[in-house]
Amino acid sequence: MAKAPMRVAVTGAAGQIGYSLLFRIANGDMLGKDQPVILQLLEINDEKAQKALKGVMMEIDDCAFPLLAGMTAHSDAMTAFKDADVALLVGARPRGPGMERKDLLEANAQIFTVQGKALDAVASRNVKVLVVGNPANTNAHIAMKSAPSLPAKNFTAMLRLDHNRALSQIAAKTGKPVSSIEKLCVWGNHSPTMYPDYRFATADGQPVKAMINDDIWNKDVFLPTVGKRGAAIIDARGLSSAASAANAAIDHVRDWVLGTNGKWTTMGIPSDGSYGIPKDIIFGFPVTTENGEYKIIQGLEIDAFSQERINLTLKELTEEREGIKHLLP
Ligand code: NAD
Ligand code: LMR
């Protein structure tokens, strides 16, 4: 028997990530090739944005996706999030050249308070929320705190692009295929303070750390390359990453819903206190997923260098949280 359609709400649907994301969701890349979807698309209440959204919808129609069971355009979160099973909060103001993420904190806090409240009021009680719009961790925290009747664990932030960037760098360094590499993770904030960590990683079951055997490369090349990749792409394209960000969002939700079969991935999730990260801070952790639930990998040794890096990214997140505290309900 055919599955009932799942409702996927996407904000910022006429933006550049939206343009890479929506077609893949409708194609079944995110929720499975047997899972019909209904797209509920939110854009700002602005003539140009709504017109652009209609254009994207015309193109989606023209793909005649067999799994697309419906599609609606919205300018109000209260209708866009109605009964949503998955909500991808992409819409936000992207950072331009020379702009710091912190500059965007206040403007985006406004958006994510409204959207958190709307999710609280009308979304499915099991809605899985992924925040992509920057600053993603803190925006997810705001949405979570604005939705007290939904389980906090349903609010996540996207660290998967950082995870995939780290994976690609490690594959290039070791000469091993991406598919052979496991047990990689990225701790902390989706910002240059993040800590991509390959100390536990294996390639074809062999330790990656021993293969690379170069702490200077880790500190001086790997960490800055992954940490500043977003800025490097803005510098090169004049626009922030879009197709790779959409791809990471697909990976994040697919793994959350369909499971990782025991393999590690990275998700930005509300801390449960693991590794000394204060409860409710949205932090990148190594996780596995099964039956629609994620679980933090426990018991990893945190050496002095790693602790220093984790403290740094935690400090930034704590400061971001303090910066928007007055805006929380
Ligand atoms: P974009 O400017 O091309 O598109 C954003 C869209 O969101 C616009 O169409 C805008 O009208 C819409 N929007 C703004 N506020 C909205 C609201 N309140 N409700 C609904 N829609 C709204 O930007 P983009 O390149 O698609 O990037 C979107 C966000 O994703 C940015 O914040 C960017 O920094 C972030 N990003 C995050 C990651 C990550 O790894 N977490 C990676 C890349 C980009
Ligand atoms: C990225 O990592 O590519 C983006 O988060 C960069 C940005 O600031 O939009």
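The backbone N, Cα and C atoms fix where each Cβ goes, and this holds for glycine too.
Summarising the annotation, TrEMBL assigns active site, proton acceptor to His190. Residues or ranges marked as NAD(+) binding site by TrEMBL: Gly12, Ala13, Ala14, Gly15, Gln16, Ile17, Gly18, Asn108, Gln115, Val132, Gly133, Asn134. What TrEMBL records for Arg95, Arg101, Asn134, Arg165 is substrate binding site. Look at TrEMBL and you will find 6-155 tagged as domain 'Lactate/malate dehydrogenase N-terminal'. What TrEMBL lists as domain 'Lactate/malate dehydrogenase C-terminal' is 160-325.
What TrEMBL annotates, mapped onto the structure for a quick look.
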residue: Gly12; record: NAD(+) binding site; Cβ contacts under 8 Å, 6 or more apart: Gly18, Leu42, Glu43, Leu89, Val90, Gly91, Ala92, Gly133
residue: Ala14; record: NAD(+) binding site; Cβ contacts under 8 Å, 6 or more apart: Leu41, Glu43, Ala49, Gln50, Ala52, Leu53, Gly55, Val56
residue: Gln16; record: NAD(+) binding site; Cβ contacts under 8 Å, 6 or more apart: Leu239, Ser240, Ala242
residue: Gln115; record: NAD(+) binding site; Cβ contacts under 8 Å, 6 or more apart: Thr11, Ala77, Phe81, Leu89, Ala143, Ser146
residue: Arg165; record: substrate binding site; Cβ contacts under 8 Å, 6 or more apart: Pro196, Val226, Arg229, Ser244
residue: His190; record: active site, proton acceptor; Cβ contacts under 8 Å, 6 or more apart: Asn134, Pro135, Ala136, Asn137, Ala157, Met158, Leu159, Leu161, Asp162, Gly268, Gly284
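Residues from the binding-site residues list (Ala14, Gly18, Gln115, Arg165) with a C-beta closer than 6 Å to any atom of ligand 2: none. For Asn134 (substrate binding site), other Cβ atoms within 10 Å of its Cβ number 22. In this model, the domain 'Lactate/malate dehydrogenase C-terminal' (160-325) carries an average pLDDT of 97. Across the domain 'Lactate/malate dehydrogenase N-terminal' (6-155), DSSP classifies residues as 67 helix, 28 strand, 55 coil.
In three-state terms derived from DSSP, Arg165 (substrate binding site) belongs to a helical segment.
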